Amino acid sequence: MISPFLLLAIGTCFASSLVPEKEKDPKYWRDQAQQTLKNALRLQTLNTNVAKNVIMFLGDGMGVSTVTAARILKGQLHHSPGEETKLEMDKFPYVALSKTYNTNAQVPDSAGTATAYLCGVKANEGTVGVSAATQRSQCNTTQGNEVTSILRWAKDAGKSVGIVTTTRVNHATPSASYAHSADRDWYSDNEMPPEALSQGCKDIAYQLMHNIKDIEVIMGGGRKYMFPKNRTDVEYELDEKARGTRLDGLNLIDIWKSFKPKHKHSHYVWNRTDLLALDPHSVDYLLGLFEPGDMQYELNRNNATDPSLSEMVEMAIRILNKNPKGFFLLVEGGRIDHGHHEGKAKQALHEAVEMDQAIGQAGAMTSVEDTLTVVTADHSHVFTFGGYTPRGNSIFGLAPMVSDTDKKPFTAILYGNGPGYKVVGGERENVSMVDYAHNNYQAQSAVPLRHETHGGEDVAVFAKGPMAHLLHGVHEQNYIPHVMAYAACIGANRDHCASASSSGSPSPGPLLLLLALLPLGSLF
């Protein structure tokens, strides 16, 4: 057995050989730092324009360790060592931290957090679009405790609005933008208890079609929740799990169509080919449901039937951008979270790289002069990578050392808990005997669990565009939509823009200095 110290020494020598020649010259690092300093000094001139458009990218489960690992993967996919690569979100000038806890949970879930960063109030885990006065699964605690989202505020201000996700369109993140539910799992009436139905609560898919009837763009998965129970799916005709789920017999696609004005052009599509064939200039309303449940992982995506997140974002912006009053767009890279829960780090990180591609696509189609873009996560995961790996080491590769106890190697990527806890012959599995580069390889975990869990640490918030500087420190997660609304002059922040306009000011700037100087605690 090779000594772990020898392995570390070999790894260190190997790392030295991977150092790019230009990085050996101190001038390279000094010039880079000076350029970064110049860029930072230019930020002294604040962008206080009104945000005509607001785009929010939500990487579900995209904690800081996931961001870093995705950065390395992006670089390695382009044949570089990876560590020096810049994600699109890395280029944003303003970065903050968001405290993710729910009102009743130290380590949060995606529903309570979605209510925070979309509706501006913290809530209990498992609930969407309601205050903390609503208890999970208790329908009778819902009425009177509903809270509205920034999507609603934007719609009320005359803007176009859109939702794009790689999960079901009635999943936790998107549902908080339009629904009010005591339970995030009430996807259709089939998932609701009889008591909740008898008390008048509606399932989330029903609320999607009825609560805000004029959402211009809705794209993601979740077809089966829109159709009567046992209705055969258009794509997976022989798959019983893909069949319709609704007990009330409603066809929500038909209902969606019936709500649209006759003089407007509405389109429902279920595959990539039909989506890309659309002329966005002749589309007023778009509903795209590309899977019965969640959309496929990016690595598993069928190019004929499944659009990428980038493609959906491009189509959404082309449709929404026609409104002279602007738009609000929520984009979720939702399957980052699913990959981590399954212990499949490769799936999770490729999802994160694709979301970053979508961020770049949106940036190319908009301007920082009138578009506020915010990128953040709802929570993190117990995902880590380490082990003194050398520069350029495959992010999915082995660490250059072995365990002090069982003398076996380990991958750089590990989970604190999850399904990757493998015991073979009474001992930890020897990862050198398995294909740890496989797309569905489950990285080893310290504690055996069927599903890996969320993490409780703060997550990053990246921002660019009008008023992005208001995201500048450590904030409660529910602060985020208040900033977006202030920048766009919508919701509770309309009055200050009206007064600024009447006084001849072109932006919400008059209150800016006051906001910047006040301690965060005095604002909420």
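Just so you know, the numbers here start at 1 and follow the chain as drawn.
Just so it is clear, glycine is given a Cβ too, placed from its N, Cα and C backbone atoms.
Annotated Mg(2+) binding site per Swiss-Prot: ASP60, THR173, GLU332, in sequence order, evidence recorded as similarity to another entry. Around the Cβ of GLU332 (Mg(2+) binding site), 29 further Cβ atoms fall within 10 Å across all displayed protein chains. DSSP gives GLU332 (Mg(2+) binding site) a strand state.
All protein chains shown were included, and the count of other CB atoms within 10 Å of the CB of ASP60 (Mg(2+) binding site) stands at 29. Annotated Zn(2+) 1 binding site per Swiss-Prot: ASP60, SER110, ASP378, HIS379, in sequence order, evidence recorded as similarity to another entry.
According to Swiss-Prot, the Ca(2+) binding site annotation covers GLU235, PHE290, GLU291, ASP306, on the basis of similarity to another entry. Applying an 8 A CB threshold to same-chain residues 6+ apart, the list for ASP306 (Ca(2+) binding site) reads ASN271, ARG272, PHE290, GLU291, MET295, GLN296.
Reduced to three states, the DSSP call for HIS341 (Zn(2+) 2 binding site) is helix. Residue environment of HIS341 (Zn(2+) 2 binding site) contains 21 other Cβ atoms, counted within 10 Å of its Cβ in all protein chains. Annotation comment: Swiss-Prot describes ASP337, HIS341, HIS454 as Zn(2+) 2 binding site, evidence class similarity to another entry.
CYS139 (disulfide bond) carries a helical DSSP state (H, G or I). Long-range C-beta contacts of CYS139 (disulfide bond), restricted to its own chain and to partners at least six residues apart, with a cutoff below 8 Å, comprise ALA182, GLU195, ALA196, GLN199, GLY200, CYS201. Per Swiss-Prot, disulfide bond is recorded for CYS139-CYS201 (among others), and the stated evidence type is similarity to another entry.
Annotated disulfide bond per Swiss-Prot: CYS489-CYS497 (among others), in sequence order, evidence recorded as similarity to another entry. In three-state terms derived from DSSP, CYS489 (disulfide bond) belongs to neither a helical nor a strand segment and is classed as coil.
Summarising the annotation, Swiss-Prot assigns GPI-anchor amidated serine to SER499 and lists sequence analysis as the type of evidence.
Annotation source Swiss-Prot lists phosphoserine at SER110. In the three-state DSSP reading, SER110 (Zn(2+) 1 binding site) counts as helix.
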Same-chain residues at least 6 apart in sequence whose Cβ lies under 8 Å from ASP378 (Zn(2+) 1 binding site): LEU58, ASP60, GLY61, THR100, PRO108, SER110, THR113, ALA114, TYR117, THR173, VAL459, GLN477
Rounded Cα separation (Å) that holds between CYS489 (disulfide bond) and HIS379 (Zn(2+) 1 binding site): 28
CYS497 (disulfide bond) versus binding-site residues GLU332, ASP337, HIS341, HIS454 - nearest by Cα: GLU332
GLU291, HIS379, HIS454, CYS497 as recorded positions, winner by CB count within 10 A: HIS379
